[in-house]
Every structure is written in C-alpha cells, then in structure tokens.
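Over in TrEMBL, the protein carries these features:
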DOMAIN    A:32-144  domain 'PurM-like N-terminal'
BINDING   A:Asp34, A:Thr49, A:Asp80  Mg(2+) 4 binding site
BINDING   A:Asp34, A:Asp80, A:Asp228  Mg(2+) 3 binding site
BINDING   A:Thr50, A:Asp51, A:Asp128  Mg(2+) 1 binding site
BINDING   A:Asp51, A:Asp80  Mg(2+) 2 binding site
BINDING   A:His58, A:Glu286, A:Phe342  substrate binding site
BINDING   A:Tyr110, A:Gly127, A:Asp128, A:Arg153, A:Ser230  ATP binding site
DOMAIN    A:157-319  domain 'PurM-like C-terminal'
BINDING   A:Asp231  Mg(2+) 5 binding site
There are 2 protein chains.
Amino acid sequence: MNSDLSYLQVRDIGEQGILERLQRFCPPEIIGDDAAVLAITAQESLVVTTDMLVDGVHFSDITTSPEDTGWRASAANLSDLAAMGAFPLGITVGLGLPGDLAVSWVERLYQGMTECLQKYNVPILGGDIVRSPITTLAITAFGQANPNFIIRRSTAQVGDAIIVTGIHGASRAGLELLLNPQICQNLESEEKAALIKAHQRPNPRLDVIPILQEIFTSPCPISISGMDSSDGLADAVLQICRASRVGAILEQSKIPLPSAFHKWLTPGQWLHPPQAWLNYALYGGEDFELVLCLPPPAALTLVQKLGAGASIIGTITPGLTVILHHENERIPDQALSLSQGFQHFS
Amino acid sequence: MNSDLSYLQVRDIGEQGILERLQRFCPPEIIGDDAAVLAITAQESLVVTTDMLVDGVHFSDITTSPEDTGWRASAANLSDLAAMGAFPLGITVGLGLPGDLAVSWVERLYQGMTECLQKYNVPILGGDIVRSPITTLAITAFGQANPNFIIRRSTAQVGDAIIVTGIHGASRAGLELLLNPQICQNLESEEKAALIKAHQRPNPRLDVIPILQEIFTSPCPISISGMDSSDGLADAVLQICRASRVGAILEQSKIPLPSAFHKWLTPGQWLHPPQAWLNYALYGGEDFELVLCLPPPAALTLVQKLGAGASIIGTITPGLTVILHHENERIPDQALSLSQGFQHFS
C-alpha cells in the first residue's frame, strides 16, 4: 500500500473529503440520502444502503457482546431503509475474519443479527466470508418503496413541523453506563438496564412507515422529508436543512429525553439540563429514531397516531441556520453546527 | 477479540466450515448459487451478490494497480450476476481505509471500477467509507432477472452438454508473468500483454445472457444450469455436479486454452500439455467465464451463435464423479476434486 507521506492521505481529508472526491463516480441524483433509490418499475423502487463496521472502530467486545454487535449492525441498516420510507427485503453480509477469531464469536454475531432481522421478517440473503487481519463486517440492506412515497432529506419546506419519534440520548447514556458502571448510583437497576438496552438493542422505526404512508396519501399527497438520527439529532436536522436549503428552530424543552435523565437531576436542574445530557440527545447518536419534516396538520395527525411515541420539536424556517431555543429567555439561542457532531477520522 | 486457543478458531474450520455453520441463519432456498434470488413480482426477481476484498489477501499493489483492483472487483461481481442469468442494476461499495493511505489510491480504485461498470452501463449506488487498519473493499451487486430464467447450479441433467465460454488459464498465466517477468522469453510481447490483460481486466460475460435467453425460450423452454469459473473450471464443474447430484466427463483436449500456451510448447508436447498449464486452466480461476450445462441441441445452437467464443468440453453423467478424459488412451482418466482447488484459509 502506498504510504508515501508526500501524498495527500486519507486522514488529511477524512471520510467526508473522500466522499466528496468520489461523488463524480456516482450518478448525482442518487447521492445525499440514507440510502440509494433505483427505479425498477413505475410502482416499485429498490432502496439500497450499505455499512462497513470495523473491530475497534465501530464495535468492541469491551462494551458490546457479539450478539449485540450483530443486532446493532442489522438495526442500523434497517433504520436507513425506514428513513427512506422503504420496506426491507433482505440483507447481505460480508465478513472479514482473522484466523484466530473464535468460531463461536461469528455464530453469536449471526445470532444477534437474526434476532433483530426476524422481528421485521427480513432474511439474510447470503454474503461472503474472507480472511482478514481485522474483524470487518459489511452489511448491505435493500428494500422496496413506492417511488411516489420516498422520504428524502432535500424536500423540507419552510413552515414544516419537525417531528422526532421516540426519545434521544438514551443510547449514548447507555454507552456511558457501560464504560463507567460506577456512575449514576441513584438510578434504579431497571432504569440503567433500559438505557443500556437502548444502546445495545436499538429498534429501527420500520413500524412508523405504514402510518406515514397512510398520512401521506390521505386526503391528498403531502411532502415528507427526513432521515434517521443515527448520527445524532443535531446532525439529522442539520443534514435535512443543508439538503433542503432551509433553516430550523428547535425548542430545547420539547426534545424528548429518557425519563431516567429526569430522575438523575434535581427538579431545579430539569429546566436547565446539564450540557452533558443535552449533548447526548443532540450529538450522541445511535438512537435510530426518525426525524421528519411535514406540514403542521399532518404532523399533528402523526403525533395523534403515535401518541407519546412522537414529539414536535421545532419548525423549518427560511435562512440556513439551525437554532436551539430555550423557553427561558435568559438562556441565549444557540446555533448548531455539523462540526460539533462525531468525526469519523482523527 | 477472543483469542483463547481453547476455542475452535476460524482457521481450524476455514471459510467453508464457517459458511456451513452459518447456513442455519439463512433461508435454505437461497443458498448455493453465485448470488441470491428474491422474488419481487411474478415477472421480476432481484439477484444479489456480495464480495469482500482485503489488501494482501485478495489484491496487492505488487501485481495490480489500484485501477485494475477496481476493475477486477467490479468484474467479479458482474460475473456473479451473469452466472445467474441476471442483468445488472447497480453496485454499492463499502471501503475500509487506513489513515495513511494515499487519497489518489482510492480515486484510482474508483476510476478502474467505473471503467468496467460503464462498459455495461452499471451505476455505483453509493456506499460507506470508514477507517480501518487494513484497506478493505466490500462490493454488493444487484441485478434483475426473469424468475423463469434463472441459471442455477442444481439443475444439471444427465446427458446435458457442458459448455464453457472463452478460454481458461489465461488469467493465472498472466499473474505468473506479473510475478516472474523473466519467464516465457519466447512469447511475443503482445502475447504476454494479452495474458496479463486477462488477469488485470477480465470481462464478465454479460454479453452471453441475451443469447442464452433467446435459446431458452425458443422453440420451448429448456433447462440451463451453470455458474461462472471465478474459482477455476474444475471448481465450477464440481460445484454444479455436487449441487445437481450428477457426475461429468470432461475431454481434456476440448478445454480451450490461450493460443500463447501452444506457442510456448513444442508440437509434441501440445497433445500432452504440461501439468502446469492444465492446472492453470482447471484450478487457476479468475477467468470469469461461464460454465453451462444444457441439452445437446441447445448447446450446439449456443456454439453456433458464439462461434469460437464457446466450446463443448464434456457431458453430464450419472454417478457423482467428475472425470478428466484424454483422447490418448495411454493417459489414465483423472478424477477431479474440490480439494485440488484454492483454499482461502491456511
């Protein structure tokens, strides 16, 4: 491999820099969403997404069992399909395995993958197994969508309500509990277990898609924009706004947090949650919830149908900034930026 | 990662052993072909195949430029689609990249991939780029097939003619020339270049599929069984026979070899080609030709349509052995076995 330091190296420009340079090799119309869309017939589109996971970078036996690594890998890919409004058809699995890896590790990985997939009736359609010095997992998931009902990042409209499903920050908090088991002594063990489970066994929100389809078609078609919150809530809103050339205002108090966060804080603190918890919700990622932008009446219908499972957290605005607003006027508005999110290369 | 030696390790049972243990996680009907088939509608099936390629295991800058690594990776996946009788729709690309890899290496890889793909009008439908200690490439290719015309390994019939497209052994000979440039001094430089090109820029035989479809449907449907010869001609025939529970007899003299092999040998040797050349053709692999079994009249039609581009090399027989027969009766028949082929784990 060429390691001449006089060359521009991958670490110099990072994942985003490489992606930008490779875009010229891809059809422009398929870039920029959680998954690619390919028209098959007038009624059917194929939706495809792929993820690479590398031992020590994306998973680790220290915090995650092989079963949970398998579950999370499946869930992440199914979540990308849900983010596009697609129903899953199947996945393929590529495995790079060191010779000294325990066979039981591989079986336990598959056990976890299928536990997640079976919940959504998704088959593993084969794959490839090769020798590699580092355990590597490449999952490609494909789904089917109605070409007229595909959720994209680039179609958010000024005035749309911003809805999130579920709660945010739980996965990151669960990871923190795994890394530092001594913290949060005042939480019940069930509360800790729920946060840890949110990290280890996240659920892709495929259950929301039929409900969205219903709203989409009745009484007349509306525009639904969105993506999943796999890289954090802030990232999702910022990506949607950038792709749609709009801005947003988010109400900090409306961001749904795990109830255990509440218990951990004194009542006085609850209105001003410590920055750490807000960071978990905004930047923690891996909650695999949906962030959707749709006209306010449709948004209200969705909230009615999902009950406590969805929250309107803000509004799409003109301009290009994403503002976090607090109902306490003494707390200044905060502009969010992508640079606060995770960087994959360092 | 668990490296306790008391456990059964990946190297103890190899790629095949792992695959067998993981089969219980996959639907049984989709196992055993070059690609998985998923029914979408009565008229359309989705065909999916995936490959992992690891630096130092599957490619190397010593023998292969990044452009050629890209071309070969694309070609291998398109060949798997051709082997199923499918037309390609697109590919996804997962990349694991070390931080010190030259960005130009990645761009040149993509250049080679797209040079191959553009020949068949196949788009790259996005992918994933992650940090990894070792350069890793995961390609998933998608194709579309008529559910009534899918080429499988398991449907060969006793009496079928065995046809191969193209020539065999050229890719392996080209690799040998790259590894040992000093050999074969008596070959013209064009002949060497042709063998090297067969290794660096193999062509998936998607061109054969429309011709096969024509034969398949006229005058009445016939059975076509087969796969590609990516792991060698012997492997392909053995895999088809095992899946179809039949045997085969191959005529050694009918196996189409590169014409440059002829020139290298003395006339007397030509009827008894050195074992090395036969091994290249039978076990060398990566020629990405098709090995097909079909009724003799249809086989003759195919040979007429493809001209010198196809050869009948044998017949499907009862029993389970694959025999290599020489027209010189003093040379004993040889039973072929999968264990003579490449083993991916050592």
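Our numbering is plain: 1 for the first residue shown, then up by one each step along the chain.
Each residue, glycine too, has its Cβ placed from N, Cα and C.
When the Cα of A:Arg153 (ATP binding site) is compared against those of the binding-site residues A:Asp34, A:His58, A:Asp128, A:Glu286, the shortest separation belongs to A:Asp34. Measuring Cα to Cα from A:Thr50 (Mg(2+) 1 binding site), the binding-site residues that fall within 10 Å are A:Asp80, out of A:Asp80, A:Gly127, A:Asp228, A:Ser230, A:Asp231, A:Glu286. Shown are the binding-site residues A:Asp228, A:Asp231, A:Glu286; of these, the residue with the fewest other Cβ atoms within 10 Å is A:Asp231.
Closest to A:Asp80 (Mg(2+) 4 binding site) by Cα-Cα distance, out of the binding-site residues A:His58, A:Asp128, A:Asp231, is A:Asp231. Spatially, by CA atoms, the binding-site residues A:Tyr110, A:Asp128, A:Asp228 include one closest to A:Thr49 (Mg(2+) 4 binding site), and that is A:Asp228.
Here the binding-site residues are A:Asp34, A:Arg153, A:Asp228, A:Ser230, A:Asp231, A:Glu286, and none sits under 8 angstroms from chain B, going by CB atoms. Under 8 Å, Cβ to Cβ, and six or more positions away along its own chain, A:Ser230 (ATP binding site) finds A:Ala76, A:Ser79, A:Asp80, A:Gly285, A:Glu286, A:Asp287, A:Phe288. Of the binding-site residues A:Asp34, A:Thr50, A:Tyr110, A:Thr50 has the largest number of other Cβ atoms within 10 Å of its own Cβ. Looking only at Cα atoms, A:Asp228 (Mg(2+) 3 binding site) sits nearest to A:Asp51 among the binding-site residues A:Asp51, A:His58, A:Gly127, A:Asp128.
Counting every protein chain shown, the number of other Cβ atoms lying within 10 Å of the Cβ of A:His58 (substrate binding site) is 21. On its own chain, A:Asp51 (Mg(2+) 1 binding site) has A:Ala73, A:Ala76, A:Asn77, A:Asp80, A:Ala138, A:Ile139, A:Thr140 as residues at least 6 apart in sequence with a Cβ closer than 8 Å to its own Cβ. Distance noted between the C-alpha atoms of A:Gly127 (ATP binding site) and the residue listed as 'Mg(2+) 5 binding site' is 26 Å. A helical conformation is recorded for A:Asp80 (Mg(2+) 4 binding site) in the three-state DSSP classification. According to its DSSP assignment, A:Tyr110 (ATP binding site) is helical. Ranked by CA distance from A:Asp128 (Mg(2+) 1 binding site), the binding-site residues A:Asp34, A:Tyr110, A:Asp231 have A:Tyr110 at the top as the closest. Closest by Cα distance to A:Tyr110 (ATP binding site), from the binding-site residues A:Asp34, A:His58, A:Asp231, is A:His58.
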